[in-house]
Amino acid sequence: MKDMISHGLDRRVAAGLLAVGGMMAVGASAPQPQSFSFALTNIYVAAYEDEKACRALSLSSSDLFLKSLPPAEREKYGAPDKVQDLHKLMGQRLGFKMVPTGKVSGPNGSMAQLSDAEQDALRQKYSIPKGKGIVAFLGTRFAYDSCTNPDDFPFMQKGNEEYRGPIAYGIDLDRLANKDDYVSLDQKPGVDNQLIRAVGCTFSTRDFGTPKVADEVITSMSSPTLVELSGVDHPANDDDVTVRLYASASPLELSGAGKPLAWASLDVDPDRRFMAQVKGKIRNGELLTEPFDLRLRLREQIIDSYREVRQARIQAKIKPGEAIEGGIYGYHTLASIEDNYHQSTQVGANLTRMSCPALIKAVRRYADAFPDPKTGRNTAISSALRFKGVPVFLIKPQQVAQGVQQ
Amino acid sequence: MSGPVISSRVLRALSAVTALCSIGAILMAASAGQADAPTQQQAQQPQVPKFRRLTEAQYRATIADIFGPDIKVSGRFEPDMRVGGLLAAGTSAVSLTPAGAEQYEQIARGIAEQVVDAKHRDRLVGCAPSASDPQGAACAADFFKRVGLRIYRRPLTDGEVKLAVAQTLAAAATVKDFHGGLVIMLTAMLSDLPFLFQTDREVADPSAPGGRTIDAWSRASKLSYFLWNSTPDEQLLQAAADGSLMTQAGLIRQVDRLMALPRFETGVRSFFDDFLQLEGMMSLSKDGIIYPAFRSSAAPAAREQTLRTITTLLVEENGDYRDLFTTRRVAMNRQLSPLYRIPYGPRDWSMITLPDQDPRVGLLTQISFLALHSHEGRSSPTLRGKALREVLMCEHVPTPPANVNFTIVQDTSNPAFRTTRERLKAHLDDEECASCHKLTDPMGLTLDSFDGAGQFRPTENGVPIDTTGMLDKVPFTDSAGLGKALHDNPKVTQCVAQSAWRYAAGRALLPSEEPLMASLHEDFAHAGFRIRPLFRRIVIDPQFFAVRAPAASRIAGKPSSGRKG
Amino acid sequence: MTQFDRRGFLLRGMLGGGAVAVGLPFLDYFLDDNGTALAATLGGGRLPVRFGTWFWGCGMIPDRWNPTTAGANYDLPPELAPIRPVQDKVSVLSGFGVTLGGKSNQPHISGNIGLRTGTPSDTWQQIAGPTFDVSIAGAIGAGTLFRSLELSVDGNARTSFSYRSGTEMNPSVASPMELYRRIFGADFRDPNAAGFTPDPKVMARRSVLSAVTDERRRMLGKLGAEDKARVDSYFTSIREVENKLALQLERPPRAEACVVPTQPADLPASTDVTARQQSHKLMAELLAMAVACNQTKVFNMVFSTATADLRQAGSPTAYHQATHEEQVDRTKGYQPTVDAFSTQSMQGWADFVTAMSAVKEGDGTLLDNMLVVAHSEVSYAKNHDVNGIPVMLAGRAGGKVKSGIHIAGQGDPISRVGLTMQQLMGVPVDAWGTDEMKTSRSLSEIMV
């Protein structure tokens, strides 16, 4: 049997990784540059807990639908225990569809593909308006509702509450003092985070966006985002390190205690859409990158989507061999945000008590960067994503290893 | 290899050698013994046990070999018993409890029902009542002659065939179904003593006038269960049938054939599984809060890792047993790589070489040894040292006295004693404890840089772990040094040779076998401590088939022939 | 002890038709010199009396466990506090010990062997005779599908202190799910189902097994003493299988309290004490129904192993380690962790007693028709003390035993307990144990 140290692994990287163990063993710095890799266990729109920041929770699509009903029906469906009947009635009245495609979802939680012809056939068969609806539920369903086609349900654009607190996660992206800017948690002014203004008062952001909740949650389990720091001469202070991002082709592994497992070997997905590279520096154990455009895979339960952030900066505390924790600050593209909402479908909207039309309208309204040269409309919104991760080993297919060396 | 591999060839061979298969050979000991009493000198030596209960692994492999791997064996087996560190040696000490008998009967019924069911009937039974055989008597006779040979690992006597047919037909009449009758008879046969127990049948030794030995069928079983951990195959049964197994040349032919096939690896694997007590890994659990990385898949994977490493190095590559303690090569997979904190690319098992700076060297630093001989929530130099002495060196470490005085606390959070070594040292100030702990702790402490789950840790409570130690007056500074000390310690090779003998014999060592052990070890050394020559040496020694302990005066000699380069 | 050929009796019973109905009870009657077997088996002619043991590991802290007042309404020291709700059903036997008489005290082994066999030895493989539960099963275990049921909550079939001989341990059923399947699975016969037709398959199975075994026995020649003992044991065990098959051909006696339980969730075995208590409770409830449904009359339950395998999740020091390593708290005067585990073990025992008394049977409860002995393998585990090993009894054995009293043994051999249990259950024995452990004094205090 042929032995191998690390099959398909970039040897230089492998040596660096192993040197981490060596360094820990003797407690002294190794002479050669090292690499540290992490799998991020949750990336989320971070919400600062401020009781007074929201006048009320934003209305959900079913709240809005209920309001639109005549008084008698409003009475009948208004009770909390009638919410399922209300959802059903809303689907019937508004012509929502959720039909099987006959496909099975793709490998490792990915979306099965449907051709345009297949989609048209489904529209015809189930009386879905021409050109409407999307492939959803990882390709197993075809859906038409207020999330897939928010513009068809304008009455649901109302009821979104703006986040009015003074404090928000984020950094000063534009180096300008605007009246919309927030103050950071550590009292720095100029924080650009219009995304939180738009979505900060929805139930799900309030609930799942607070770090103490979010840090216990694992998302994109089947394809977590991988972060690799290489060329690290000293893990606490180094002015020149390289940061690379990938999607994982292997699922995150869990420990016996149900937590993310450290030191698993995860395969790097060769999909170049999810690769990005940037220079950065480490100061007192904190990583700061230059701005760069990145795309993260978001593959969670029924969704196989992505997050796209332009001119993103990563700031994160690094504890080599233990953890990474920090934020991605930049301009989240509307296209990727809207794709998330589309894919969540009415099912997701009902479960998380949101109104896709209202949220999409709000995000478009507060978008503050990258205007479309033709329409002049902004295509991205300032944002703060936070994350946490565990140390892992990256296994790179040969072409990736070569490709990212450049 | 699957299905009922009983050809008419073997049956023909059987009928041709009926003369060889005297009643005495097929029945047991006594009837033949009366006709041909053992010599006075032999009679003075104690008899060796004649029954060895099949282990669960042997039972399963046997059923798969006889009926094919698609026959499911489901049920709980009676627990095996460890004697002198080996489950194999316990097989000649255990019998069957009522609960066990019930379970075996149930397992047997499950097997019999599958063998005879519509899906397997044509292939495994191959006949049915017909116009010329309206009751199915001929069919039953044919079936039980064929299958009985494999189940009893010897041909059925005429009486047994008659009984099987009569009982099948009677049961068939009661349940009004011929195949139902077959199931019931087959169940009884699979619950029968000669199936559940490897049985040594005594005959006059053709090569030693006046001497006694075990018959060819018993030899075939003994060989195959040792070398393959399963039942004899067709060729081996044929060698029993034609009597060639009773000659040294015929024996060697079969031994070399058995050892040349891939199944020999299974035999070696089974030995080391037993020798290293790795079945303990299957019930091993670790505290999920203290050792989160030790997932439920880790323990079985660690067992597999050790066995794969051993069979690769010792069988595939014909390596030196001692090198197991110094090698940096180890089988790896992705279940285990997190515990080793190494990147691992392949999706499946493969051999890797750990880098030079890795603290792990040799068998003792594999997760299996480290985790098995630890507590659920912390490491134990004492347990590891004890296992090292008892398992790998065949020494005996006394159990602690009843009035243990553990006044020194092993509180892992006590700031006065931050490492295990400090805590143990304080404990060892007690002279009574120290006398035993000095047998175990000096080498156990060297391994304390690996925690209770087998993960490397350079420090404990912030203090670097001192890994210096000593084994039989050989000092070392780390686990690599400990591995080297084991590599060079003759007790280690003596222990594996002696254990292989006890494993093969399925019983404890007899006092008068000591010279034989010396000879085994000498030849093992001569062969560069390779496992194949050791196993071969064991099975071609006349004592392997002996019915009594060797005379104390016996000068251990080399087997008469068959030494291979 | 006289060996009576039960199989021969059954065969005749089968052939003789009418004799089947009287079957085994009378067989036991004949076996019994004292005539107590009849009473024990029939419980005054109506409800059967059952016997069981309940084991927990690592003993207790004597000052925190031993009651100070004798007789009824004894005081409950802190570690015994959990039994308060069932105190009237539980008798405490304190101060009985294993007298080693020059034999070694093998930690966590000698005490248990001494208690169970009346003769201490270094290893279970060397025991002089069967454990007393096996003798009792020999006397009353017939007439049910299982002669005895061994249970261990630790998930390990090898955790059992029921031995027929040194090499024959009765393995344990080790999880609630497995217990459910063993009792209420495919082979379960509802004792109260209307109508009864013997299954021809069972008839044929028994007949063929018997014929093949007879032939095997006939064919075996003379064997060495050890081989012979093992082969005899094999045949005895096969005969048990035949007996069981024969029993399935008889109409089962009516069991009024029998309700087939629903299949339990499959709880994984755990050493965490809370999880252990949960699994144990579930197994105890299933066992109560198995007994009420006349599937067995004898059982052995292991709550925690000798060297108690219990832990508190997240704590690096397990119960057994703590017994040796935990320092006596200066202010409290005892080992607090050990004290907590010991108290938790008593909670397990209280749960068990509650489960048995929750089943109504006749005018009382299932427990009233039972006698259960709870014991550990040491008293103060810190130094493996085999003096004053804690023992408790629960149940009234069909009215033959008083309950709710404390007897202080004052160093008497603990074989008095084993002797008394056997006598109460109709084992014809007037003295039990060897050397200093030999006794003919039963515990008259508990007899009605």
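Cβ from N, Cα, C; glycine included.
The feature signal peptide is assigned by TrEMBL to B:1-37. Taken from TrEMBL, the feature domain 'DUF1587' applies to B:52-116. Under the heading domain 'DUF1595', TrEMBL lists B:139-199. Positions annotated as domain 'DUF1592' by TrEMBL: B:215-341. As annotated by TrEMBL, domain 'DUF1588' applies to B:360-459. Look at TrEMBL and you will find B:475-544 tagged as domain 'DUF1585'.
DSSP states for the domain 'DUF1588' (B:360-459), grouped as helix (H, G, I), strand (E, B) and coil, give 50 helix, 3 strand, 47 coil. For the domain 'DUF1592' (B:215-341), residue counts in helix, strand and coil come to 83 helix, 5 strand, 39 coil, using DSSP. The helix, strand and coil residue counts that DSSP assigns across the domain 'DUF1595' (B:139-199) are 49 helix, 3 strand, 9 coil.
Note on the domain 'DUF1592' (B:215-341): its mean pLDDT in the predicted model is 95. Taking H, G and I as helix, E and B as strand and the rest as coil, DSSP gives the domain 'DUF1587' (B:52-116) the counts 35 helix, 4 strand, 26 coil. Shown for the domain 'DUF1585' (B:475-544): DSSP residue counts in helix, strand and coil, namely 53 helix, 3 strand, 14 coil.
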